[in-house]
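Positions annotated as [2Fe-2S] cluster binding site by Swiss-Prot, on the basis of sequence analysis: CYS3, CYS6, CYS18, CYS25. Residues or ranges marked as hybrid [4Fe-2O-2S] cluster binding site by Swiss-Prot: HIS249, GLU273, CYS317, CYS405, CYS433, CYS458, GLU492, LYS494. Feature annotation from Swiss-Prot assigns cysteine persulfide to CYS405.
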Amino acid sequence: MFCVQCEQTIRTPAGNGCSYAQGMCGKTAETSDLQDLLIAALQGLSAWAVKAREYGIINHDVDNFAPRAFFSTLTNVNFDSPRIVGYAREAIAMREALKAQCLSVDANAHCDNPMADLQLVSDDLGELQRQAAEFTPNKDKAAIGENILGLRLLCLYGLKGAAAYMEHAHVLGQYDNDIYAQYHKIMAWLGTWPADMNALLECAMEIGQMNFKVMSILDAGETTKYGHPTPTQVNVKATEGKCILISGHDLKDLYNLLEQTEGTGVNVYTHGEMLPAHGYPELRKFKHLVGNYGSGWQNQQVEFARFPGPIVMTSNCIIDPTVGSYDDRIWTRSIVGWPGVSHLEGDDFGPVIAQAQQMAGFPYSEIPHLITVGFGRQTLLGAADTLIDLVSREKLRHIFLVGGCDGARGERNYFTDFATSVPDDCLILTLACGKYRFNKLEFGDIEGLPRLVDAGQCNDAYSAIILAVTLAEKLGCGVNDLPLSLVLSWFEQKAIVILLTLLSLGVKNIVTGPTAPGFFTPDLLAILNEKFGLRSVTTVEEDMKQLLSA
């Protein structure tokens, strides 16, 4: 086992990365190794998808499957070894079908990629785990060095984050053949184990640029189906009655669940990255979408244990449900998996609803506590002139984007302390689950404009980018000249690709934390600092002083 893709990875003087019987996320060595094997199979599939396009062959089933299966290897998504192997077998079957199509056009068609002919050696998981050792990401570290390995992983993990957003977009009917072509090209190239530093740096920027397009079509999918988010108050306390909790990012799953629970007497609560769903008109119209429950994903083993109803996980993040003994009432969807828990195939939530009706639910309603969400792209752009006016009248000094992933590390209290230390004449724009560090606190307003503005899920970084570009255009300056600072918390691969997106767009002087990615060497950190001004958090006082004086 070698996995260094998330922020909580093991860090020792001897090196970074989880390499024992179990990773910090709870992933076993078996599952981790089989995910490496799956990635190799997907690289072979992408290699033939690239070749097929040379013959004018585009298979949408392949284009849809490849990023979805890659998504299953993202942190806290799928811990179920047999399902991981199932994805690998499906990838190989699709690859062979593509290969046959190419050969039907050109009898001499061939693919030079080293992953292009990969076959699984056995049906036995132990044998497959031994085969997977050939594809451990750090297997040639001694030959290539830590810097090249770090850049390879930056590209692999960044592409993994983009693949997740591609799947979210596709679920909503949004896709782009040019994006698929670019994805396959990069995925296939990474399967050649590249070792050119400049080429890898260029690839990282290409992934960022590609992901900007992915976030654009994802934004289009969400707003076309569910309307543009508008500011909405959400209750974060319990309401009497039977209940279901839904977590993850998939708004379509939430919509289907709301449709199917309407009139049943079962209330629905959002959790984690589902919180922004309350801002969408077509979702909040359901009166039994009664509120948001819980806090950051890392607290779920305590909070889910206390929730008196079933729980549906639509995407990341799931952690061991046996710890809180709620594994008999947690349900996984799509690419999510945990051994032994119930998995929903298709869009029928009937079994979940039946379980909710058999459970007690909340015995009474608590005193409401309302927070505001729903500052989507349209709302943000509508406020651009107000922001400019406040800046011109020296009522608004600075905007801080404080957001990103949450996690268990104690150092993440930095982001709470930072948000509460922001001066009263400054605004806080937030997104993703890092907001749970401070989103239930009171921040007041500036001439009626809330000082805490919740822009949505992690992918809604797109809205923040569009706002920044609009403000810069109206003020006749560059984005980096705005009174705007980005203070980002990271945890997994979606955060990595959003960072690459920002860097590829030329955004500089981003501050990240609580720690640097474990695959970043001192040399790579120095390169990113020199090229982009990227740096790690220090202390709240020092960072605040530096950002306000920039």
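Placed from the backbone N, Cα and C atoms, the Cβ positions cover glycine too.
Put simply, CYS6 is the one of the binding-site residues CYS3, CYS6, CYS18, CYS25 whose Cα lies nearest to the Cα of LYS494 (hybrid [4Fe-2O-2S] cluster binding site). Applying an 8 A CB threshold to same-chain residues 6+ apart, the list for CYS458 (hybrid [4Fe-2O-2S] cluster binding site) reads HIS249, GLU273, GLY403, GLY404, CYS405, LEU431, ALA432, CYS433, LYS494, ALA495, ILE498. Within the same chain, residues at least six positions away from GLU492 (hybrid [4Fe-2O-2S] cluster binding site) with a Cβ under 8 Å of its Cβ are GLN5, CYS6, GLU7, LEU74, THR75, ASN76, GLY161, ASN316, CYS317, CYS405.
Comparing local CB density within 10 A for the binding-site residues HIS249, LYS494, the maximum falls on LYS494. Of the chain residues outside the [2Fe-2S] cluster site list CYS3, CYS6, CYS18, CYS25, VAL4, GLN5, GLN8, THR9, GLY17, GLY23, MET24, LYS27, SER32, THR75 have their Cβ within 8 Å of the site's Cβ mean position. Listed in sequence order, MET1, PHE2, CYS3, VAL4, THR9, ILE10, MET24, CYS25, LYS27, SER32 are the same-chain residues six or more apart from CYS18 ([2Fe-2S] cluster binding site) with CB atoms under 8 A from its CB.
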